[in-house]
Every structure is written in structure tokens, then in C-alpha cells.
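**Q** This is the structure, below, for whatever I ask next.
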């Protein structure tokens, strides 16, 4: 019996060594692969999800849509993302991350291209939904692919990918106003066209340079339902997913309402806009920096400190509504917020064996997407009910403080997988 156990252990060690050698020998160029991830984030999150708010005023005026219709279009995109983000992870687990990413990018290209010519509200709603679905199929599988290829630098590569969101804020903030000035009332259509061309270019370089990581023994293909439920019901995965959802619920309130809060307190939109630009610029470097720190200092430590900084930043405008407090609010968020995203995303990939990363990360992202979906509605109701912003931002601070408490639990997670590879029945 002892000899059999020793032989089994030896076989497992040899299998691990073969898998490590296979990964090392076939590993793609890190810089090119990470660049593809950053550009994917720029296109499917920045252009497909966040740029709508910048394009909206000109688009709404030209098409004659009401604010209610404009809000419905945003809701359609967000709802489609929520509904399909788990499907994107399952598709990546079954057919490979690259196939799922390219399918998502193709949907985004079609959505962008359609918006350059569409005028009917329901057609535009379908196209906005396509953007949400495409983002769901591309973003999480790309994170999973980077995590699987570069496990020793997982924080750094996911941090670099998250910097694409900050880069998109900077690019959109400069490009869209320029195109609106250059092309007048049709500038919003040209903007969608530029996004379509960019998405097509990114899809091409992904098809040329991105490779699927080698499957673990017994991996690939259809995952049995019992293996999926091992992930969905695992306490550590649920804690990480809940924390990610809390972060989504809290940060989106700031994104939607903080500029309005500044303006209500007597500051100009240009001042608020310059602070937002500063935050976006800082966030480009914040993701990779926090990721690099986490690879050496520990994921839980970096996540806890970065989220604590976000909580402090959110509390500052509640303490005093003066320019220095708003300035340090945006400064602290620029330094820390993208780090929080990179850390919680990386933490989600750390909990499971490589073959389960697409499912685990998509599951956690579902919580985040639901939080993003609920946050503006709850905050908007609080603002309308109390006729002010204080209750909404107090709610945000309370929610994020709960998330901070969960990061203290995450810090104590053991290093081994919460859900490992299934037993090799053939052994």
C-alpha cells in the first residue's frame, strides 16, 4: 500500500514537471501577449462599455432620443453583459479562451459598425446589447488566458491589462471631442467607426499572436456539472466574488455621480473634468504597479491596502466639500482604484486550478456586473429621496468598508487551490 502511494506521488510529480516544461517551452512572448490583453480591455470595457457616456449627448441630440431612451440603451448593454458573462467563461473552458475572445471581439466590431449607420431606436438597442455580449465573451477569458500563461507574474500581467481601462478614458476624453468638432453632428457616428476599426485591428493581432495555454491533464472539452458546482459553492470563491461585487457596487456610484456632486458644490465642469483626467492618467500606471507589488508582497496584502485607500478617498468629499478634498479624492482613487481591480481579479484566478480559471473568474465577474448594475439605481434613489448626494456617497463608503472587511479574510487564505484538479482516476 505504501509502495503504491509512493508510485502515485512520483507519477504526479512527473506530470507536474512535464506540465511546467510544456508551459515554459511553449510560452508566448509576454510583452506582446500582455499588450493584446491591454488592447482587449481598452476596446471591450473602455470603448464598448464606458465611452457611451461621452458620445451620448451628441448622439441623443442628433437622433432625438429622450433621456429615458438614452438610459435604456445603457441598461441594455449592462444587462446583456450581466447575462452573458458566465457564458463567456464556460465557452472559454470548453472551446479555449482564444476562440471566446475572438467571438467577443467580432460581436463588438459588428456592434460598433452598426452604430455608425443605425437610426432606429430598437436597432440601436440590439447593437448596444451586442456590445455588452461581446465584452462578456472577450474580457474574462483574456484575463484567464494571461493568468494561465504567466502564473509567476499573474498580478503584473493582469494589472497591465487593467491599465487599458484607464488608457481608454484618456483616449476617449481626447478623441471624441476632437471628432465632434471635426465632423459636427455626425461626429458621434465617426467615433463609433473609429472604435470599430480599432476593434478589428485588435482582433487581427489577437488571432496572430495569442495562443491558448496547454490544457491540464484531463482538461479541455465539456466540464461536468459537478465540477462547475465545486467552484460556484466554494466558500473562498464566494468570498472573492462577493468582494468583487461590493467593489462594483461602490465604485460605479463615484463614476456616475461624483462630477455632479462637485458641480452642485459650486465647482466648474472643467475643473471636475481635469480631476477625472488626472485620475485616468494615474490609473494607467496604478494597475501594473500594484500587480507587481502583489507578486512579491502577497495578493491579500496589496488588495487590503489598495481598497483601504479607496475607502479613504470616498470618504474625503463627505468630510468637506472643498477643492483640496475633491483633489485628494481623485488623486487617491487614481493611485489605488485600478490596483483594487487588478488585485481582486488576480485573487479570483488564484483560487482554482488553471483549467477552472475561466469559469471562476467569470463567476466572480458576474457579481461585479450585478453590482455595477444595481449601484446607480440605488444611489439615484437615495439622491432623489434625500434631495442631495450625501446619503448616496455615505452608502458607498459603508459598502466599500464591508468589502475592506472581506479583504482581511482573503489575506488569510492558504496558498493552495480552493478547487484543484480532479483526481486522476486512471492512476
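Cβ coordinates are placed from backbone N, Cα and C, and glycine is handled just like the others.
Quick caveat, the model's predicted, so the values are computed rather than measured.
Positions annotated as domain 'Major facilitator superfamily (MFS) profile' by TrEMBL: 30-417. Sequence annotations record features per position, and here TrEMBL assigns transmembrane segment to 30-52, 72-92, 99-118, 124-149, 156-180, 192-210, 237-263, 275-293, 300-320, 326-344, 356-383, 389-410.
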**Q** With the transmembrane segment (30-52) as the reference, find which of 72-92, 124-149, 156-180 contributes the most Cβ pairs under 8 Å.
**A** 156-180
**Q** Are there residues at least six beyond either end of the transmembrane segment (326-344) with Cβ under 8 Å to its Cβ atoms? List them, or say none.
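**A** Residues packing against the transmembrane segment (326-344) from afar: 155, 158-159, 161-163, 165-166, 240, 243-244, 247, 251, 254, 258, 262, 267, 272, 275-276, 278-284, 286-291, 294, 299, 302-303, 306-307, 309-310, 312-314, 316-317, 364.
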**Q** State the residues, same chain only, that lie 6 or more residues beyond the ends of the transmembrane segment (356-383) and have a CB under 8 A from a CB inside it; answer 'none' if no residue qualifies.
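**A** Distant contacts of the transmembrane segment (356-383): 78-79, 81-82, 85-90, 92-93, 97, 100, 139-141, 143-144, 147-148, 223, 227-228, 231-232, 237, 240-242, 244-253, 256-257, 344-345, 348-349, 389, 391-392, 395-396, 419.
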**Q** Looking only at the recorded stretches 156-180, 192-210, 237-263, 275-293, which one has the largest tally of CB-CB distances under 8 Å to the transmembrane segment (300-320)?
**A** 237-263
**Q** Six or more residues beyond either end and a Cβ under 8 Å away: which residues meet both conditions relative to the transmembrane segment (99-118)?
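**A** Distant Cβ neighbours of the transmembrane segment (99-118) are 40, 43-44, 47-48, 88, 91-92, 124, 127-128, 130-131, 133-139, 141-142, 145, 189-190, 192-193, 195-196, 199-200, 202-203, 206-207, 210, 358.
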**Q** Can at least 3 Cβ pairs under 8 A be found between the transmembrane segment (275-293) and the transmembrane segment (156-180), with each pair 6 or more apart in sequence?
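**A** Between the transmembrane segment (275-293) and the transmembrane segment (156-180), contact is present.
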**Q** Go through the chain and flag residues at least 6 beyond the ends of the transmembrane segment (124-149) whose CB is under 8 A from any CB in it; none is fine as an answer.
**A** 23, 27-28, 33-34, 36-37, 40-41, 43-45, 48-49, 52, 63, 72-74, 76-81, 83-85, 87-89, 91-92, 97-98, 100-101, 103-108, 110-112, 114-115, 118, 157-158, 161, 210-213, 345-346, 349, 354, 357-358, 361-362, 365
**Q** I need to check the long-range neighbours of the transmembrane segment (72-92): which residues 6 or more away from its ends have a CB within less than 8 Å of a CB in the stretch?
**A** 48-49, 52-53, 65, 99-101, 103-104, 124-125, 128-133, 135-141, 144-145, 223, 228, 358-363, 365-366, 369-370, 372-373
**Q** Looking only at residues six or more beyond either end of the transmembrane segment (389-410), which have a C-beta under 8 A from one in the stretch?
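**A** For the transmembrane segment (389-410), the list is 239-240, 242-243, 246-247, 249-251, 253-254, 257, 260-261, 264, 299-300, 303-304, 307-308, 310-311, 314-315, 317-318, 347, 378-380, 382-383.
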**Q** Which whole-number mean pLDDT does the model give the domain 'Major facilitator superfamily (MFS) profile' (30-417)?
**A** 90
